[in-house]
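Annotated features in TrEMBL:
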COMPBIAS  1-17  compositional bias 'Polar residues'
DOMAIN    125-372  domain 'Phosphatase 2A Regulatory Subunit A helical'
REGION    1-107  region 'Disordered'
REPEAT    112-150  repeat 'HEAT'
REPEAT    151-188  repeat 'HEAT'
REPEAT    266-304  repeat 'HEAT'
REPEAT    305-343  repeat 'HEAT'
REPEAT    344-382  repeat 'HEAT'
REPEAT    422-460  repeat 'HEAT'
REPEAT    461-490  repeat 'HEAT'
REPEAT    541-579  repeat 'HEAT'
REPEAT    580-618  repeat 'HEAT'
Amino acid sequence: MEIDQSASNTNGSNQAASKSPEDSPSSGSTTQSTQSTTPAVDGPSNTTTINTTTDTQPQQQQRAVVAETGSLATPGAASTGSPVTTTTPSGNDSVDTNRAPPATTDEQELYPIAVLVDELKNEDVQHRLNAIQNLGTIAMALGPQRTRDELIPFLNDSIDDEDEVLLAVANELAGFSEYVGGPEYAHYLLNPLENLAAVEEVLVRDKAVESLCKVVSVLSPTQVEHYFIPLLKRLTGGEWFTSRISASGLYAASYPKCSSEQKAELRSLFSQLIQDDTPMVRRAAAKSLGEFAKQLDKEQISSSIMPLFIKLTNDDQDTVRLLTVEDLVQISRILSTEENRTTSLPILKSLGQDKSWRVRYMVASNFAELCDSFGEAITRDELVTLFVSLIKDSEGEVKVVTIGQAPAFGKMIDELTVLDKLLPCVKDLVIDTNQHVRAAVATNISGLAPILGKDLTIEYLLPLFLQLLKDDFPDVRLNIISKLESVNQASQLGVGFFDEKLLNLCMSWLGDAVFSIRDAATTNLRQLVEIFGSDWAKSTVIPQIMNMAQNENYLYRMTTLFALTTMASSLTLEIVKENVLPTVLGLKEDTIPNVRFNVAKSLEVLANILKHDKASSELIQSQVAPALQKLSEDSDVDVKWFANKALLSGTDSCINTIFILV
């Protein structure tokens, strides 16, 4: 079968239909149309004809054609055999819904191809996107040979489209090797992806680069030599900067499949990108340098990469310099300790003291990884001073991200250094004027407790905890409450110490003006019950919570329900029956609807706990179900809804009770 150019019944329309893009006028918008019959079998020739009309000259030039021979053609292709035209009704570039179904086997094979190809040129972007997502269907119908010879060139000629469509094409081609005949023919996919890698839209370029990396992974060294390396050279030497940006991301993927001579050439080409005049290209090279460095040995890094890397760290654009921090992480993992001490360490110190806060921010963000790459010896001897300077930085953003690295950094240095160097900085941050800095301290300070141990935590960290718990900024209080569980471990502080120092403070959070803090406080109490036990909760926490049920402020009464419901799963059944359930039932006639529907929600939770014990399950029928039944008749619609939901919660006991009551 062959690809055929559609021909019309007249010479004039035939010329218009067969014009190539080079022959078309630059400003042509003349509406031309071709008329033929609807799809039908016309005698022995089995010619399939589909009624179409093109609204503009470019559409007419680009219209795909499925001919009697079963071939897919683009305008300007050579024409043989009987013509078949695939178009849509005038004024609406969509598939003709009145098209008659094909009658023969050949037509049945060609019909879906004709429809999908027609959709590829639809005016509606969504139609074209749908067609792109069905490229696999077209390829399977065409077969590997015709996919290579017809579909891939067709896609290559259709590169001028909306960015969404081009993005979809780049994504689809990543897994298209099976449709072109397997890995031995995967190089056929390189040409359209190369064109997509040079477009202006960054998302399309990135997806094209990603797809090219996937394609090169299945190529043989011979294919890489004959097809991929020439592509890489073209992109690297491209006149427009977009192609050079895309080239930067392709070196790491192709390097392992190259010979020694080719590898040397690739290193030389990559060095050109690092020294490019365009900052965006240097930025792309800096972003890709870390992955490329993984493919090199120590000698190649020292001789070829480090001189260029140092040049990048001194670039006049901070957007380039900040990307070298992640490169340094990768490079320092490859070099030895002594090589890092003499080569990489000065670079790190320079970046950590960079005049741009963005660069210092990147150093702080990757500080734990950098310490891990450099090793404990260099970390203890050389990096403590740098960490202290970052945690005292003039920019709040740098301080926030540095304090986040403190727990991991503290594990790499000795306890004395933590006390002498790190804790004084933390104390200063607790009273920092920036509320976001204090919130970051509240989030991370508990991570220092396991490092210091029980005695030092009580002596040094506990006063800081208490100070943060009284902070005016709600996020600070919330963060310290949420992380307090790691400090409250029984093995560290013990019940007596907690009751003396922290219990009253924890209970006061239940009355905080901010709901998120009250909610976090109830969760914290459940964690404390799991640590200190139900007996501790019965004697200390539950009595205070039960007293809140009598408070005149309805928010306290609601908090009572929240706390008891949250803690119930960690309490014994006896405590639930004797203390929790009576307190909840006592609020079922509260004057505030919000309290009453929270009673219904609490009873649903308690019923699911009580049903597991035969003796306790009787309480569901005698106390829980009647209370829910009464609430289901409440005048407030929300109360009725939650009560009915609880009655129909799915527990067998509740369902049986409903039947008994009815």
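Glycine residues also receive a Cβ, built from the backbone N, Cα and C atoms like all the rest.
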Looking only at residues six or more beyond either end of the repeat 'HEAT' (541-579), which have a C-beta under 8 A from one in the stretch?
-> 503, 507, 510-511, 518-519, 521-523, 525-526, 528-530, 534, 586-587, 590, 592, 594-595, 598-599, 601-602, 605-606, 609-610, 613, 616, 619
Under 8 Å Cβ-Cβ from the repeat 'HEAT' (266-304), and at least six residues away from its ends along the same chain, one finds 229, 232-233, 236, 241, 244-249, 251-252, 254-256, 258, 311-312, 315, 317, 319-320, 323-324, 326-327, 329-331, 334-336, 339, 343
Using DSSP, break the repeat 'HEAT' (344-382) down into helix, strand and coil residues and give each count.
-> 33 helix, 0 strand, 6 coil
Take the repeat 'HEAT' (344-382) and find every residue of the same chain, 6 or more past its ends, with a Cβ under 8 Å from one of its Cβ atoms.
-> 309-310, 313, 318-319, 321-326, 328-329, 331-333, 335, 337, 389-390, 393-395, 397-398, 401-402, 405, 408-409, 412-414, 417
Reduced to three DSSP states, the repeat 'HEAT' (580-618) has 29 helix, 0 strand, 10 coil
Mean per-residue pLDDT in the repeat 'HEAT' (112-150) works out to 78
Write out how many residues of the repeat 'HEAT' (305-343) are helix, how many strand and how many coil, based on DSSP.
-> 31 helix, 0 strand, 8 coil
List the helix, strand and coil residue totals of the repeat 'HEAT' (541-579) as derived from DSSP.
-> 30 helix, 0 strand, 9 coil
